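Read through the structure below, which is laid out as structure tokens, and then see the notes.
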Amino acid sequence: MNLGRTSIDQPVLAIVLSVVLMIVGGLAYLVLPTAEYPDIAPPTVVVQATYPGASAQTVAETLAIPLEQEVNGVEDMLYMYSQATSDGSLNLTVTFKGGTDVDKAQVLVQNRVALATPRLPEPVQRSGVSVRKSSPTQLSTIFISSPKGTYDQLYVSNFAIRTVADTLKRIDGVGDINPLGAREYSMRIWLDPERVAAFDLTPGDIIAAVRAQNTQVAGGVIAQPPVASQAFQPNLIFEGRLKEPADFDNIVLKSGEAGRLVRLKDVARTEIAGLAYVNNTYYLRNPAIGLQVLQRPGANALATMQVVEQTMQQLSKDFPEGIEYSIGYNPTAFIADSIGELGKTIYEAVILVVLVVLLFLQGWRPSIIPILAIPVSLVGTFAVMALLGYSINNLTLFGLVLAVGIVVDNAIVVVENVERHLGEGKSPLQATIVTMQEIGGALVAITLVLCAVFIPTAFIPGISGEFFRQFGVTIAVATAISLFNSLTLSPALAAMILRRHGGHAPLRA
């Protein structure tokens with residue numbers, strides 16, 4: 001099938017194909033994620049567990065070893081490393097090969113962790129082991145504080161975690177919220193070692209007593225299921241969980257001599273305070289809590305950050321008086337500036353190319369054909385970028401900047417050859433048909449040579465190849481679309497709008 005001759009005979013078909021290509025590319029542009037650079041970080045899954053009161057060595061021996069033994073060898077895994085800290089926490093990071101579906105990787109790791117769970121200490125099993133996708137890209141850090149000291153850090157921290165963080169997590173594009181310097185409410189029990197020893201108790205005895213008397217139990221029901229003579233079946237509700245320090249003070253630890261009860265208040269002091277005091281966060285010298293907003297892989301950074309800012313503005317209207325927020329770190333501002341500058345460069349390149357074409361082709365009729373090749377090729381490239389999972393970033397836009405001067409080459413070759421035959425006295429239709437017969441193969445050869453220069457960048461091994469792949473493929477795709485344009489739209493327009501030199505072309509039937 002001769003694509004050029006078909007386009008000459010059916011110009012409407014050629015025009016429709018180009019219009020459809022631009023529409024698809026335009027729709028793809030609207031959904032393409034925006035980033036500063038291509039996402040080259042390998043997918044990672046993080047396993048987190050906490051063993052309260054355990055040392056780093058104990059955590060490594062009782063948590064890290066069983067989990068590592070089960071997770072090791074999971075499909076497509078590159079390597080893993082674990083970090084055990086003195087506060088009893090474990091972080092096991094599993095890194096996978098580039099291109100691995102992170103959702104699939106999370107499920108695979110979750111299955112392996114489930115196999116190791118029975119071998120973990122009971123307190124760890126009770127608190128659970130979390131498996132989540134790692135989000136290395138940070139969208140922003142939001143600081144919430146009480147600059148005038150109206151509220152203490154404990155209140156501000158819990159307000160931020162319960163109200164702000166939960167709302168931000170529901171935003172499409174947000175992968176996770178990482179609190180910095182969090183102070184979550186907890187019931188702290190401060191033991192008096194001398195009194196504990198005087199009553200012949202151990203910390204383990206006290207923990208067991210608190211755990212046994214601070215549980216939520218089902219009260220059951222009164223009477224049998226409802227029958228005709230009995231319409232109701234009341235439920236019994238017990239106050240199981242303790243809430244106030246005074247309730248904890250009355251927990252019975254043991255029965256002493258002469259029936260004397262030893263209560264928690266006899267050996268300890270209870271108070272509502274922060275769960276941990278390991279980290280502190282300050283913003284402008286004021287105690288604060290930081291909320292790291294992490295981007296979900298594949299999300300649009302600029303669009304997501306815009307929604308985050310709008311959400312914070314809405315939430316701030318309901319903040320208690322004296323609590324304020326500030327976005328202390330926002331890398332998307334640099335991304336927007338960088339993308340905007342490259343976008344402006346593309347417009348400038350298009351204007352310069354149009355001026356050069358008009359200058360040397362000396363007429364709007366021959367100039368309009370290569371000029372139309374620019375939007376068709378560039379916009380159509382977005383459709384292929386979306387299909388390949390690429391993003392709008394500095395590398396892809398830089399590729400489009402270079403492609404602006406390349407995509408007009410084939411169309412200029414077509415127009416120049418048609419003009420030559422028109423100068424010999426041929427009609428526009430005859431000149432276009434002869435042109436496509438003469439240079440059709442040359443157009444394909446030119447395009448293949450250009451693609452052969454850029455496509456090999458997609459096969460560079462390692463991180464460098466991942467980084468420059470989108471750059472080379474973007475130029476190659478734009479060049480290939482320009483070939484399609486020179487075989488369809490360019491000859492169709494040449495036969496329609498170009499005129500015989502020294503006269504007018506005869507009307508086409």
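Even glycines carry a Cβ here, placed using N, Cα and C.
Lifted from TrEMBL, the feature list:
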TRANSMEM  12-32  transmembrane segment
TRANSMEM  346-364  transmembrane segment
DOMAIN    367-496  domain 'SSD'
TRANSMEM  371-392  transmembrane segment
TRANSMEM  398-418  transmembrane segment
TRANSMEM  439-459  transmembrane segment
TRANSMEM  471-498  transmembrane segment
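Long-range neighbours of the transmembrane segment (346-364) within the same chain, counting only residues 6 or more positions beyond its ends whose Cβ lies under 8 Å from a Cβ of the stretch, are 370-371, 374, 378, 397, 400-401, 404-405, 408, 412, 415.
Listed as Cβ neighbours of the transmembrane segment (398-418) (distance under 8 Å, sequence separation of 6 or more from its ends, same chain) are residues 342, 345-346, 349-350, 353, 357, 361, 366, 369-374, 377-378, 381, 428, 431-432, 435-436, 438-439, 442-443, 446-447, 450, 470-472, 474-475, 478-479, 481-483, 485-486, 490-491, 494, 498. For the transmembrane segment (12-32), same-chain residues at least 6 beyond its ends with a Cβ under 8 Å from one of its own Cβ atoms are 6, 300, 372, 375-376, 379-383, 385-387, 390-392, 481, 485, 488-489, 491-492.
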